[in-house]
Amino acid sequence: EATYWLSLDLPHGIIRYGIGLFTVQSVLFEIRLKEYTNPGVWSWKEGWEWLQELENVTVWTGGESELAITPLPIVNDIPPVIRSGDQVSLDDLANGQFTVPENLSVECQKLYHNVAGVDVVLDSPDFPDFSSAIEYSVNTPGAYGYGLLKDKQGELGDDFRGTYLRITIGTDLGNSPGVPYVLEIWPAGHFSPIHDHADAYAIIKVVLHGAIECTYYDSLQEDPEPNPIFPNPTVLKKGDVTWLSPKIYQIHRLRNLSTEGKVCCTVQCYQYGSDDTRHYEAFRW
């Protein structure tokens with residue numbers, strides 16, 4: 001089920017080849033056929049000028065392989081953290097730390113605008129202590145949340161910390177792997193396995209105090225083990241929003257690093273792409 005991809009970046013004269021997710025980190029090798037000769041000017045190396053006239057590329061696939069074509073080359077990875085346009089500065093644009101929702105797919109934009117509002121919180125006026133109640137419930141032996149976590153122990157491994165709670169919100173609309181909106185509760189020190197998201201698009205918003213560490217990987221294979229896409233994990237704090245798509249950031253692991261018993265709660269939102277005809281329902285790990 002591996003994806004093999006070829007990227008033609010003609011403005012910079014770069015041909016890249018990779019396997020797996022459509023990210024710069026998945027590049028196996030690249031060829032640079034242009035040189036930076038003057039400010040803002042890239043010139044072809046001798047003998048490669050003919051590529052500028054390239055009009056057609058033919059790809060042969062064997063068996064039941066599927067061919068997908070996208071109009072843009074793989075140049076830089078879109079940052080995993082989203083900020084609305086009125087929160088992004090010139091420095092942010094230059095450093096590439098954040099992206100705005102308009103840079104994402106239509107599916108991710110739709111999910112983002114459903115949950116990014118300021119009122120999508122746990123501690124609402126009618127229940128201002130909701131987060132404290134959740135924290136007590138999952139941290140206290142004999143309480144309801146703690147009992148649910150103990151019942152889940154063993155599903156994803158023997159470590160009790162490898163459990164977390166998923167509470168669906170709303171109804172199943174048939175356009176996502178299960179109910180599209182899910183509240184996830186992560187007790188301190190608890191984590192998920194490395195897993196994918198059934199080739200779905202997703203938006204994740206942290207809505208409670210505390211933070212959660214998100215590490216993105218290049219595959220789910222066992223040998224060799226998956227490699228982190230970035231050298232350092234992404235830490236999401238209250239109010240932060242991240243995203244994933246079928247070919248970018250699809251595989252990750254979440255972990256609550258708190259050592260003080262602080263719970264982290266996230267809202268996960270899912271949707272299949274408009275061209276998805278398979279609707280695979282399970283997350284693999």
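Glycine residues also receive a Cβ, built from the backbone N, Cα and C atoms like all the rest.
What TrEMBL lists as Fe cation binding site is H195, H197, H252.
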| query | Within 8 Å of the Cβ centroid of the Fe cation site residues H195, H197, H252, which other residues of the same chain have their Cβ? | reply | S192, I194, D196, L244, Q250, I251, R253, F283, W285
| Given the binding-site residues H195, H197, which one is most crowded in terms of C-beta atoms within 10 angstroms? | H197
| request: Around the Cβ of H252 (Fe cation binding site), how many other Cβ atoms lie within 10 Å? Please give the count over every shown protein chain. | output: 24
